[in-house]
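**Student:** What TrEMBL shows for this protein is this:
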SIGNAL    1-20  signal peptide
BINDING   90, 217, 221, 227, 235  Zn(2+) 2 binding site
DOMAIN    103-261  domain 'Peptidase metallopeptidase'
BINDING   122, 199  Ca(2+) 1 binding site
BINDING   156, 190, 192  Ca(2+) 2 binding site
BINDING   166, 168, 181, 194  Zn(2+) 1 binding site
BINDING   173, 174, 196, 199  Ca(2+) 3 binding site
ACT_SITE  218  active site
Ligand SMILES: [Zn+2]
Ligand SMILES: [Zn+2]
């Protein structure tokens with residue numbers, strides 16, 4: 001039952017709104033492609049203000065996005081917004097309708113198992129294993145939860161590399177934009193993490209998508225955190241590649257996870 005609800009929430013979050021919605025007037029000087037990109041982005045990552053009846057107005061979604069990123073609430077597209085929309089990011093929407101859900105999803109057991117069921121050809125298996133272990137340990141340092149890897153059979157958190165439509169109602173989009181997503185704690189798909197195998201995964205801070213940065217962020221979702229609008233938080237929705245040595249949980253991430261566990 002809970003698994004069905006989880007899947008449903010996911011589907012509801014990403015269900016495209018009605019198509020051909022009117023765009024804000026100042027989008028007129030943007031190229032058709034840019035406008036289409038903006039429309040797709042907002043429909044994918046923003047739910048619209050559910051308190052009003054204008055659930056699917058693009059201007060309302062745009063305001064939600066501006067609110068999330070701490071920008072003036074103009075409801076209008078501009079080059080700065082377009083720039084944010086081009087960045088590689090997590091595929092989980094920024095505004096989740098948690099009202100559909102029991103509040104504060106979390107793991108009830110202190111011992112959580114995980115299993116890596118598929119790999120990318122960009123990195124060695126050993127590297128992927130080590131990075132996933134490191135990502136878990138960064139969260140483990142802050143909360144009384146233990147993470148144990150299993151190599152076969154069931155596990156709480158299943159980690160895999162997938163492409164395009166991979167059976168969970170949230171198809172990946174090829175290279176760029178959404179690069180990974182994860183489900184909040186729960187049975188079945190709950191806690192699972194999917195990385196888009198159409199990305200170029202690296203341990204570098206210059207090219208491709210840094211796997212450690214992405215893994216720490218996605219495991220935050222697996223443990224029950226949603227996106228943070230604090231720019232230096234690991235749970236910020238866009239990915240900035242940086243030096244792995246500098247990657248640490250921000251105060252905001254730590255406050256969030258310690259509140260849950
Ligand atoms: Zn995310
Ligand atoms: Zn998926």
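Placement of Cβ uses the backbone N, Cα and C atoms for every residue, glycine included.
Keep in mind it's a predicted model, so treat the numbers as computed, not measured.
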**Student:** Excluding 166, 168, 181, 194 themselves, which residues in that chain have a Cβ inside 8 Å of the centre of the Cβ atoms defining the Zn(2+) 1 site?
**Tutor:** 91, 160, 162, 167, 170, 171, 172, 192
**Student:** Looking at the binding-site residues 166, 181, 217, 227, which sits with the largest number of other Cβ atoms within 10 Å of its Cβ?
**Tutor:** 217
**Student:** Restricting to the chain of residue 122 (Ca(2+) 1 binding site) and a gap of 6 or more, list residues whose Cβ falls under 8 Å of its Cβ, or answer none.
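**Tutor:** Expected: 200, 201, 202, 208.
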**Student:** Within 10 angstroms of the C-beta of residue 156 (Ca(2+) 2 binding site), what count of other C-beta atoms is obtained when all protein chains are considered?
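**Tutor:** Excluding its own Cβ, residue 156 (Ca(2+) 2 binding site) sees 21 Cβ atoms within 10 Å.
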**Student:** Taking 8 Å from the centroid of the Cβ atoms of 173, 174, 196, 199 as the cut-off, which other residues in that chain fall inside it around the Ca(2+) 3 site?
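**Tutor:** Leaving out the recorded residues gives 163, 164, 172, 175, 176, 177, 178, 179, 197, 198.
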**Student:** Measuring Cα to Cα, how far is residue 174 (Ca(2+) 3 binding site) from residue 166 (Zn(2+) 1 binding site) in Å?
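**Tutor:** Given the Cα positions, residue 174 (Ca(2+) 3 binding site) is 12 Å from residue 166 (Zn(2+) 1 binding site).
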**Student:** Cβ distance under 8 Å to residue 196 (Ca(2+) 3 binding site), same chain, sequence separation 6 or more: which residues?
**Tutor:** 91, 161, 162, 163, 172, 173, 178, 179, 180
**Student:** Can you tell which of the binding-site residues 181, 199, 217, 235 lies nearest to residue 192 (Ca(2+) 2 binding site) in space, using Cα positions?
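**Tutor:** So, of the listed binding-site residues, the one sitting closest to residue 192 (Ca(2+) 2 binding site) is 181.
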**Student:** Taking ligand 2 as the reference and 6 angstroms as the Cβ limit (strictly under), which binding-site residues among 156, 174, 192, 196 are close?
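**Tutor:** Cβ < 6 Å from ligand 2: none of the binding-site residues.
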**Student:** Around ligand 1, within a Cβ distance of under 6 Å, which of the binding-site residues 90, 122, 156, 173, 181 show up?
**Tutor:** 90
**Student:** Between C-alpha atoms, which of these binding-site residues comes nearest to residue 168 (Zn(2+) 1 binding site): 90, 156, 190, 217, 235?
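**Tutor:** The smallest Cα gap between residue 168 (Zn(2+) 1 binding site) and any of the binding-site residues is with 190.
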**Student:** What are the sequence-distant neighbours of residue 90 (Zn(2+) 2 binding site), meaning same chain, six or more residues apart, C-beta distance under 8 angstroms?
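**Tutor:** In sequence order, the residues whose Cβ lies under 8 Å from that of residue 90 (Zn(2+) 2 binding site) (at least 6 apart) are 178, 179, 180, 181, 214, 217, 218, 221, 227, 237, 238, 239.
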**Student:** Around residue 190 (Ca(2+) 2 binding site), how many other CB atoms lie within 10 A of its CB?
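**Tutor:** Residue 190 (Ca(2+) 2 binding site) is surrounded by 21 other Cβ atoms within 10 Å.
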**Student:** Cβ within 8 angstroms of the Cβ centroid of 156, 190, 192: which residues besides those meet this for the Ca(2+) 2 site?
**Tutor:** 155, 157, 158, 183, 185, 186, 187, 188, 189, 191, 222
